[in-house]
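Annotation comment: Swiss-Prot describes G12, P13, S14, G15, V16, G17, K18, S19, T20 as ATP binding site.
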Amino acid sequence: MPFKKINIAIDGPSGVGKSTIAKQIANKFNYLFINTGSLYRAIAFFCQKNQISITSERKMIKHLPPNFLSLDFEGNVWLQNQNVSNLLRNDLISKNAAIIAQYPQIRKIVTEILQSFQKNHKGIIMEGRDTTYNVMPDADLKIFLWADAETRAKRRLKQNTFLNLETDFQEILKAIEHRDYLDMTRKTNPLKKTVDSIFLDTTNFTRDQIVSQISKLVFRKIGQFSLEI
């Protein structure tokens, strides 16, 4: 029997595990997973590929063609006629995405795409900073994930070690703290928890434990009994 469809928004700081957890929830309930940050990464990729400077929002906007960025209903990100979903994970793109995500007009473009995409649809789980109050303010279930910066840095180090990536703990911690500062102090849609979001501190819990907690919240919201303990 298929699960009832609701829309879920997952918010929280960088490195807290939003994507991993949201993917597991999406797979469990057969929902569509959308990583909102991938759109900022795609714009950063487009600028890098086309040698567009990101130091000025005004100049950058002039070089972005109409309707150049889109999503499909498998959650893939498209730049014009190219699916770039698997081309967006490297340090330079991450760094540049963090910069352009501060620009109000860029955030407006991304938010409009995401809101148009989810309009009149259910069964979508979106994750990203500002998802719970700006991108998906009418979500049926809102979750704000949290963990202290040191815990997030340790998790990132473990992940990088597994991927055989050379990284230093202090460098990771510094990058996470810097990203937190940018997210919390930006003028447009800063990182914050809304009053209607459920706060989950993941610091002392495993990923599976958090997935289990969120699953129970979903079951409760859709009015179905959960066999999970």
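Keep in mind that glycine also has a Cβ here, set from the backbone N, Cα and C atoms.
Features per Swiss-Prot, on structure.
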residue	record	contacts (Cβ under 8 Å, 6+ apart)
G12	ATP binding site	K18, R129, I143, F144, L145, W146, L191
S14	ATP binding site	R129, R152, I176, R179, D180, D183
V16	ATP binding site	L145, W146, A147, R152, T202
T20	ATP binding site	R207
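According to DSSP, T20 (ATP binding site) is assigned to a helical segment.
S14 (ATP binding site) falls within neither a helix nor a strand when secondary structure is assigned with DSSP, and so counts as coil. Annotated ATP site G12, P13, S14, G15, V16, G17, K18, S19, T20; additional same-chain residues within 8 Å of its Cβ mean position, judged by their own Cβ, are I21, E127, L145, A147, R152.
Neighbours of K18 (ATP binding site), defined as other CB atoms within 10 A of its CB across all chains, total 25.
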